[in-house]
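What follows is one structure encoded as structure tokens, with my remarks underneath.
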Amino acid sequence: MSSDTSQAVITTPPPPSMPHKERYFDRINESDPEYLRERNMSPDLRQDFNMMEQRKRVTQILQSPAFREDLECLIQEQMKKGHDPTGLLALQQIADYIMANSFTGFSSPPLSLGMVTPINDLPGADTSSYVKGEKLTRCKLASLYRLADLFGWAHLANTYISVRVSKEQDHIIIIPRGLSFSEATASALVKVNIIGEVVDQGSTNLKIDHSGFSPHAAIYSTRPDVKCVIHIHTLATAAVSSMKCGILPISQESLILGDVAYYDYQGSLDEEEERIELQKVLGPSCKVLVLRNHGVVALGETLEEAFHYIFNVQMACEIQVQAVAGAGGVDNLLILDLQKYKAFTHGVAMTGGGGVNMGSHQKWKVGEIEFEGLMRTLDNLGYRTGYAYRHPLVREKPRHKSDVEIPATVTAFSFEDDSVPLSPLKYMAQRQQREKTRWLNSPNTYMKVNVPEESRNGETSPRTKITWMKAEDPSKVSSGTPIKIEDPNQFVPLNTNPTEVLEKRNKIREQNRYDLKTAGPQSQLLAGIVVDKPPSTMRFEDDDQGPPAPPNPFSHLMEGELEEYTKTIERKQQGLDDAEQESLSDDAASVSQIQSQTQSPQSVPERLEENHELFSKSFTSVDVPVIVNGKDEMHDVEDELAQRVSRLTTSTTIENIEITIKSPDRTEEVLSPDGSPSKSPSKKKKKFRTPSFLKKNKKKEKVEA
């Protein structure tokens, strides 16, 4: 192949059927002044404008009075429900209020199309005319309308649910005509009296259906114990109401209903004779009323009990319709013995929650636990029912020993600063330290066991080796509290400001970086205890009041004198003992003179003066000057003399001679005619070894001579 053919590039044109993709510039007009202003705007300024728009929407939501009142209601409900340390339920309800969308994982209602109207809309309505407990009752009734819509019980005509809110005044709440069950809210309900006169119109302008309200009013006037009435006529209930046999005892649901009353309903209960007949049919305890060829009515002392009966009636009617159609007639069905099963089944259902009250401390009313579960489902779907739960779904976790009040296990491992990036090499280098820390903080307790070693032959060796084994009873081995630390903030108190925690941590780390001497942490147990310490011995500090320190004897020596003194010490160490012997002989002669002086006490002062002159000459012969330390020079010289002659060793034959020198004052005291000494004896015998620098050197005496 040629070079021209090898360099040729083959391009494929796009298919003609490809649709034209709309671009960004096709949707805008470049001559638009708004577009030109945004285009010429700096990116930072454009971002600031976008943030301002977002904050504006958030500010509008936060400043709305409806949001504020609803938030207060949520907080009050959360406080009544129990202690929830995290507060996730309240935050979830706030998110439901802002977004008003269905939660992920739950199917949206068919009529809501992903958006639902909140049931509890009372914070924005006027509630001054409400009686005690009416807010909660309105929320329950509106929630029950929503449940009837979700279950498919809604009907466009004569299907209503009513609740009596005031037994003294006979005020009844019902939904107005023209408002569907899916639109029912707490504020949209209408409050009327027993004869149908409007007491509170609610948030709508719709009126009630008097023909549909007449059965409710008749039942309330007949049965003072009834608080809620639910009237439905679904396909199953209407079909069973048209059967001569009525509700057959062929299922558990039919046995739960108890006594069932039947009444020939003609469309209204306005006449007095009809109401008297209804009162005879219902009796004092009947909770289910079948209206012939019309539908079913369920009664209850509470709203939860009425829902319990209407739900079981609907299920029993559906089972009966399916059973009759499948069996080919009532004669082919197995009818249960009412005398044998009805009392037991009805009694279990009346205990509340299907018998969950047996052996439990919490007593549930009839149908309350099931209704609370349905309200929780509606709240999860975003309906915001406003229902006051008796018990939250999530049980509070038991307090573990690794909570805040128990301190952490002390280790020497410290975490790196969050602001400083950690290199991979340093991270790998600290791997061993992290493994050690994890082992130290392990909740397992180990004990040291000596295990005999095994030799290569398989025989047991007399030597032992140390092995760490897990202790079965930690209380006998460990005295601490081993805690497995999984989170660095495990012991940080809850509901604290993270900024304050970081500032406190950084402050502690700054103190650790500097070598500060402090008294350490103060014990909380020993803080109030006072310890009586014995008085310590007095010590003089370096101040003006203390006694002066002795001066340095070498401070006045010249360099030459110090060198000669050093050489003298070196000669002595080398074994030059002849000079020492001569100096000792001279010292012995002086000692003999002193002994003669002590034998004649009358001439002691004169002899002392002569000895003083002799000693001064002998001191000058030595190159080391004498430093006088004391008040009186005479007394110091005598002290030096006593120190010199106290311990002299002339030879092996000459013994140590102890000489006591008395001062002139002491001599006068002894020789005083009165015999009473003027001063107390303060000086005692002193025994010192003659310093080496005071000994005479024979060679130096010859040089001086």
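The backbone N, Cα and C atoms fix where each Cβ goes, and this holds for glycine too.
What Swiss-Prot records for this protein:
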COMPBIAS  1-10  compositional bias 'Polar residues'
COMPBIAS  590-605  compositional bias 'Low complexity'
COMPBIAS  681-705  compositional bias 'Basic residues'
CROSSLNK  K484  SUMO2 cross-link
MOD_RES   S42  phosphoserine
MOD_RES   S64  phosphoserine
MOD_RES   S414  phosphoserine
MOD_RES   S423  phosphoserine
MOD_RES   S461  phosphoserine
MOD_RES   S583  phosphoserine
MOD_RES   S585  phosphoserine
MOD_RES   S590  phosphoserine
MOD_RES   S672  phosphoserine
MOD_RES   S676  phosphoserine
MOD_RES   S680  phosphoserine
MOD_RES   S682  phosphoserine
REGION    1-22  region 'Disordered'
REGION    472-495  region 'Disordered'
REGION    535-556  region 'Disordered'
REGION    572-612  region 'Disordered'
REGION    658-705  region 'Disordered'
REGION    683-700  region 'Interaction with calmodulin'
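Shown on the structure are the features that Swiss-Prot records.
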residue : record        : Cβ within 10 Å
S42     : phosphoserine : 8
S64     : phosphoserine : 12
S461    : phosphoserine : 12
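Taking CA atoms as the reference points, S64 (phosphoserine) and S42 (phosphoserine) are 34 Å apart. Summarising model confidence by region, the region 'Interaction with calmodulin' (683-700) averages a pLDDT of 58.
Counting only the Cα atoms, the space from S461 (phosphoserine) to S42 (phosphoserine) is about 84 angstrom.
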